[in-house]
Structure formats: C-alpha cells, structure tokens
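K.L.:
According to Swiss-Prot, the protein has these features:
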- 49, 50, 51, 52, 107, 112, 113, 114, 118: substrate binding site (BINDING)
- 50: active site, nucleophile (ACT_SITE)
- 97: site 'Important for activity' (SITE)
- 186, 187, 188, 189, 190, 191: NADP(+) binding site (BINDING)
C-alpha cells in the first residue's frame, strides 16, 4: 500500500524542521538506504523543503515506528516527539496527500509553484539511486498530472507567490524599497526569486554567494539593477545596508552575532532558509523574520485563494479515485492474458497426449490445434468481454481476487509485466 509520513509547518515548528531537513544528497541517500532495508518497505523517496519533510513509500504493511525511529537517530531527535508530531497517511489517504502536496494545496503559501520542481528532484534522486520503482513512479507521475489539472482548471496559481515573495511583501510593509539596496545571500532558486521580487518592488540587489560564478550568472539574468560579490565579504555588507534576505543551503547559521556591529539605523533580516541561516540577537534596531514568522502574510494569501482551493480539492479527490481505478484496470489485463495463456497450455498439453496415445494422426496435428484453440477462443470470448467491462468499476478488485483463486493464476501472473509503467524511468526528461 501507499504510505506517507509528513512533517510540515502545520505540525512542527521551524526549529524541529531544520533538524529534520535533508540539506544534502548524501544525508538523503543514507536515510533512504536505511529504511529501504526493512522487509516491509518496497520503495521510498523523501521530499525536503523549507516547509516540509515527507517520507513517501510503498509498503507491505504499516511501519511508521521504524521509519520515524530511523529518522530520529539520523537527525538526533527524540523518537517519541516525532511520532507524536507526525501526520501518517495510508493508501488512498497517502495518494490524496501526495496529490495535494504536488498541487501546492498543502504548502505554507497556497498556490506556490516551487513544490512541483522539488517533488521532481526528490523523485529523480530516488529513481537514480534505485529506491523508487514502478509503484511510486505511477503515483508521482499521476501527482504531476493532477497538479497540472489544478493549475489549468483553477486560478490557484494565478499571480503565484512563494516564501520569497511573501518575505519581500513583508519588507514592503516595513519600508518603501524603491531605490534601496537589498542584500540577497544565496544564488539558488529561492535567492533568485527573492531578487526578482525585490527588483519588481523597485529595489537594487546585491547577490552574495560562495560560488562567485553562480552569483555572476544570476546577476546577468537579473539585469542592470543587480551586482554581486563573494560570501567571504559578508560582514562588510551586513554592516552597510538595511535589508537582508538569506537563502543558502548551509547546514549551520552563517550570520551570527560576531559579524554584527552596532549601528544607529534599523536593519531587517529575512531568513528564508531551512536550516536557518541567521542566528543573531534582536534589538530595537535589528529585526529577524524566519519562515514561520511570515504566517500572517500567508493567511491573507490563503483567504484570497480559499474558493479556488475548494475547487482544487475537488479535482484532487476525483484524481485520487481515478488513480485507484487505473490501478485496478492494470490488474485486469494480466488476468485476461493469464486465462488465455492457461487455456493455450492445457490445449497444447492435451494435444500432445492425444498424439502419444494414437488418438490423433500426426498429419492432423495442426488442424486439431487450430480447432481446439478456436473452441477455447469462443468459450473465453464472453468472460473476456465481461472482464473488460469491469475496467474502472469499484467491484473490479473483488472480481480480480476471485479470478486469481478460481483459476489458480498466481504463478501464471508472475511471468507477465502486470506493473507496466507508462513512462521510461531511465529517462529523467520524461519524469515531469
């Protein structure tokens, strides 16, 4: 069954989420390797963003305690706290949750579009490292289709916003950004989004990054209202400007009290990274806003999009039902093939017996074979048609199990590709 263990902004604070975050692929790979050794876990992947850590799996039976215990040991967190906080979804609930995540209905900022890329990256990593097979491939592929439907059939992503844009919106509430210089730390996706929104608000931006070439490339994309420098010069900039937006992948805080000088004017720090980049004391001239502090702005966004969200959840509900109908349909075709294969094997076997016992001349073998197969074909025609008519209907699962039992088909099914996936897992370009 499909299985999901979820830690998000809804059930955990940022301090716990940053401990759980997978800031590098090595840690993610280590965790997936650990949990994939469990006898009940067949496939698994991890989605890790600033607002969530999701463990999505295909399992033989529930195994939340093992997964959570493994996560707790790796991240040095109390297992009991995690078990208490975790939201656990099974089977249709897990698929509905995955579709909601992919469609940005479960995001801190409803309608933000970054999550689709983050899910794609998580899936690609799991496929590349052999943690993800056909079951999760189908689920994720269907999640992308669902997300596309939500985007196309609702206005949920119209004028789409992100955590970065919410941070800039909060900055605009605090001061007029026109012609001001704002420092963006980090040249990744979140940093680029923050820079674009700052420029749109009339500000000029300075990009600081450890990799100077990446900072330069970003500035070239942004245009004339930007400049760049090395992260090594961070202290100089921290004590020269008013607005700072930090979005790096650093495992520990990069802006600390030792870098901050006392100044006479007000400075605003927006920490949009998880784990957090900023660990400084606030005072009358220093204000720090982390991801969770932007909740009020987010709630305004949620109210505006509430009607669209209701429509989107309707789509997700229908797509969840359709997904399980699709799985039942996949199971029907091998049943039909197996019955026909079984009939052919019995016919060929009885034909050989008849030849050995002299009931049939060798010269008549082919004609007899054709006749027997025609009889079986005619006999199986109506059952085959009726089975095909069951496709997409709720009772198909019951009939499938009955047919397996009546015809003793379990062994026959093992040789068939009953789990054919609709896209090539080796081709990452086909994932999204």
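Quick reminder: no glycine exception, Cβ is built from N, Cα and C everywhere.
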K.L.:
Of 50, 186, 189, 191, which is closest to residue 97 (site 'Important for activity') if I measure between C-alpha atoms? They're all recorded positions.
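P.N.:
Sorting the recorded positions by distance from residue 97 (site 'Important for activity'), the top entry is 50.
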K.L.:
Give me the sequence-ordered set of same-chain residues, not including 186, 187, 188, 189, 190, 191, with a C-beta within 8 angstroms of the centroid of the NADP(+) site's C-beta atoms.
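P.N.:
The surrounding set, listed in chain order, is 184, 192, 193, 194, 247, 248.
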K.L.:
Quick check for the class: what is the C-alpha distance, in angstrom and rounded, between residue 188 (NADP(+) binding site) and residue 113 (substrate binding site)?
P.N.:
15
K.L.:
Other than 49, 50, 51, 52, 107, 112, 113, 114, 118 themselves, what residues in this chain have Cβ atoms within 8 Å of the centroid of the substrate site's Cβ atoms?
P.N.:
104, 108, 109, 115, 162, 163
K.L.:
Provide the number of Cβ atoms within 10 Å of the Cβ of residue 190 (NADP(+) binding site), excluding the reference atom itself.
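P.N.:
Other Cβ atoms found within 10 Å: 24.
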K.L.:
I'd like the number of other C-beta atoms within 10 A of the C-beta of residue 118 (substrate binding site), please.
P.N.:
19
K.L.:
Which three-state DSSP class does residue 97 (site 'Important for activity') fall into?
P.N.:
helix
K.L.:
Which one of these binding-site residues, 186, 188, has the sparsest Cβ neighbourhood, judged by other Cβ atoms within 10 angstroms?
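P.N.:
Lowest Cβ count within 10 Å among the binding-site residues (186, 188) is 188.
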K.L.:
Using Cα-Cα distances with a 10 Å cut-off, which of the binding-site residues 49, 51, 107, 118 are near residue 186 (NADP(+) binding site)?
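P.N.:
Near residue 186 (NADP(+) binding site), where near means Cα within 10 Å, there are no binding-site residues at all.
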K.L.:
On a simple 10 Å Cβ count over all chains shown, which one of the binding-site residues 49, 113 is most densely packed?
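P.N.:
Compared across 49, 113, the most Cβ atoms within 10 Å surround 49.
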K.L.:
Roughly how many Å lie between the Cα atoms of residue 51 (substrate binding site) and residue 190 (NADP(+) binding site), rounded to a whole value?
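P.N.:
Their Cα atoms are separated by 13 Å.
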